[in-house]
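Single-structure report; data block below.
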Amino acid sequence: MAWTKYQLFLAGLMLVTGSINTLSAKWADNFIAEGCGGTAEHSFQHPFLQAVGMFLGEFSCLAAFYLLQCRATGQSVSSVDPQQPFNPLLFLPPALCDMTGTSLMYVALNMTSASSFQMLRGAVIIFTGLFSVAFLGRRLVPSQWLGILATIAGLVVVGLADLLSKQDNQHKLSEVITGDLLIIMAQVIVAIQMVLEEKFVYKHNVHPLRAVGTEGLFGFVILSLLLVPMYYIPAGSFSGNPKGTLEDALDAFCQLGKQPLIALALLGNISSIAFFNFAGISVTKELSATTRMVLDSLRTVVIWALSLALGWETFHPLQILGFLILLTGTALYNGLHHPLLACLSRGWHPAPEAERERLLDGNRTPINETN
């Protein structure tokens, strides 16, 4: 099925803002500034504070939802569908998953390159597929299992490229390994979040802005409160602040005062995540969670290209191979090989409409449902 203009807009919005989100977070990590009390210059490594900013961006979607609702009051045709009653606490489990997974990924982003960070996030396909079978009762076709195996192979190649990139003077080899493992661990949590979100959105028909905003509210409040004990918890080698604790929010604000460009990077991260999460959950609602994952993998190219152009990382040929294998795994998993094989079998003549349908059609196909 052909996508509507609105669906194309959502896809483009997710691709652009998703790329800005990762690049702005990495840009903030690259800054070096003095901390509180005249401490020596050090890198801006405050992953949990950055995660709070991310949830603030999500929380802003809730304000946008109520603004739209007020504007639609009294109009015959409302842009906000009537909302059926629901318990907001139903959003707490996916919000906790989002909080934990995002915090782990921000920690990992300090330890590895932006491109590897984005490529390794492709592991979410593996765990989403397995969890959807276990908890949603889906059945994967052989091509989807093959896609999962290809994704695993791609992750191995990308990890090998990181191990061989010893010329990277920004990260030690031990940090790169730890960061890569943290990203993989985070994808297990993100996969649980994706499955919960899809099941909840389909069942309750909650407006995407309200869904994202509610999750953002929970994440912002909980993680903001956790910043207090994090200030006293020693973190050893995982700490990136002079105090040596899990998170030092005061040091972060001192660095912001010394280097205003950090504030600009954080602002870009907050604003982009607001639009990215709205676009992401809207794609899940209007198309499918599978489409959301495909678009998420496409922004890897944008992030990789810009990271190389900005000199944030060095080129390694194995990354190309790893990305192509990951892309192949994504294509197999989502059934993108069906229209290609249909065209080849007919000498590149267009296939009938029924044969061109796939998991990315516009009928809100649930995740992993066979075509």
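Cβ atoms are placed via backbone N, Cα and C, with glycine included.
Under the heading signal peptide, TrEMBL lists 1-18.
A Cβ distance under 8 Å defines the sequence-distant neighbours of the transmembrane segment (48-68), meaning residues of its chain 6+ beyond its ends; these are 25, 28, 79-80, 98-99, 102-103, 106, 207-210, 212-217, 219-220, 223-224, 226-227, 230, 246-247, 249, 252, 266, 269-274, 277-278. The transmembrane segment annotation in TrEMBL covers 48-68 (among others).
Per TrEMBL, the feature transmembrane segment maps to 89-108 (among others). Long-range contacts of the transmembrane segment (89-108) within its own chain (CB-CB distance under 8 A, at least 6 residues past either end) are made by residues 25, 47-48, 50-51, 54-55, 117, 121, 178-180, 182-183, 185-187, 189-190, 192-193, 196-197, 200, 204, 211, 214-216, 218-219, 222-223, 238.
Among the features that TrEMBL reports, transmembrane segment is placed at 120-138 (among others).
TrEMBL lists 145-164 (among others) with the feature transmembrane segment.
Residues annotated as transmembrane segment in TrEMBL: 176-196 (among others). Same-chain residues lying 6+ beyond the ends of the transmembrane segment (176-196) with a Cβ under 8 Å from its Cβ atoms: 93-94, 97-98, 100-102, 104-105, 107-112, 116-117, 120-121, 123-124, 126-128, 130-132, 135-136, 155, 159, 162-163, 165, 168, 284, 289, 292-293, 367.
Outside the transmembrane segment (216-233), and at least 6 residues removed from its termini, the chain residues within Cβ reach (under 8 Å) are 48-49, 51-52, 54-62, 91-92, 95-96, 98-99, 102-103, 243, 245-250, 277. The transmembrane segment annotation in TrEMBL covers 216-233 (among others).
Summarising the annotation, TrEMBL assigns transmembrane segment to 261-281 (among others).
Taking Cβ pairs closer than 8 Å, the transmembrane segment (293-312) reaches residues 11, 14-15, 18-19, 22-23, 26, 30, 113-115, 118-119, 121-122, 124-125, 128, 170, 194, 280, 283, 319, 323, 326-327, 330, 334, 336, 360 in its own chain, all 6 or more past its ends. Residues or ranges marked as transmembrane segment in TrEMBL: 293-312 (among others).
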TODO: Quickly jot the same-chain residues contacting the transmembrane segment (261-281) by Cβ under 8 Å, restricted to those at least six beyond its ends, or write none.
DONE: 10-11, 13-14, 17-18, 20-21, 24-25, 27-28, 31, 33, 44, 50, 53-54, 56-58, 60-61, 64, 197, 201, 208-209, 211-212, 215-216, 255, 292, 296
